[in-house]
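Participant: The structure that follows is given in the form of structure tokens.
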Amino acid sequence: MSQGSPGDCVPLEPTSGPSTPPNPFVHELHLSRLQRIKFCLLGALLAPIRVLLAFIVLFLLWPFAWLQVAGLSEEQLQEPLTGWRKTVCHNGVLGLSRLLFFLLGFLRIRVRGQRASRLQAPVLVAAPHSTFFDPIVLLPCDLPKVVSRAENLSVPVIGALLRFNQAILVSRHDPASRRRVVEEVRRRATSGGKWPQVLFFPEGTCSNKKALLKFKPGAFIAGVPVQPILIRYPNSLDTTSWAWRGPGV
């Protein structure tokens, strides 16, 4: 189109309508033929080794997790742990957890910015939540407390880690459970730094990282400052997302 003289009206190119927003629950992964070959070969060779080593480390975590809460009553577990249990078991779980993610392919965790103290921000909110690898954010945050389903207590090793974490448990079958969880979050968040920070994934489910889902209010009900955490995976191919429809991890 030629440039018009001053005062001329130049017609604009017709524009299409508003673009369709991305569906956050659909994950598409397009691989070239070479990438498919690499995926099959390396997957067949490395995946079994990595999974085996990861399970070995996972079961090595169990003694540290068990030792921290061994012999303690439910009343004692309602307060933050101190002393040798905190020092030995906490550092053991933290070190083995980092080794676990290293074996799964997370060779380095890059942190940008500075984590607020428990007094500055008692609550951490992490997003977007896209995969079951997202708990990796617990490591640079020094293993904050989490909110989990009560049913997970019966899962081997995972249940022991939840008890170690003194996680806040919610039951989907108990209507009063959500109210108790809100009260417990508020109690810990307003303890004046007595309790470690509480970590939330406020979206409540996984997506493909194309958009943020609506945050659930649980992380904000206590009315205390929160620190947002942005989770990013620098992979050239998005092989970590776990959406409702797609190849998954």
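In case you wondered, yes, glycine gets a Cβ from its N, Cα and C as well.
Sharing the feature lines straight out of TrEMBL:
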{"type": "REGION", "residues": "1-21", "note": "region 'Disordered'"}
{"type": "TRANSMEM", "residues": "39-62", "note": "transmembrane segment"}
{"type": "TRANSMEM", "residues": "92-109", "note": "transmembrane segment"}
{"type": "DOMAIN", "residues": "123-234", "note": "domain 'Phospholipid/glycerol acyltransferase'"}
Participant: Going along the chain, which residues at least six beyond the ends of the transmembrane segment (92-109) come within the CB cut-off of under 8 Å?
Facilitator: 50, 53-54, 57-58, 60-61, 64-65, 68, 133, 136, 138-140, 142-143, 161, 164
Participant: Given the model, what does the mean pLDDT over the domain 'Phospholipid/glycerol acyltransferase' (123-234) come out as?
Facilitator: 91
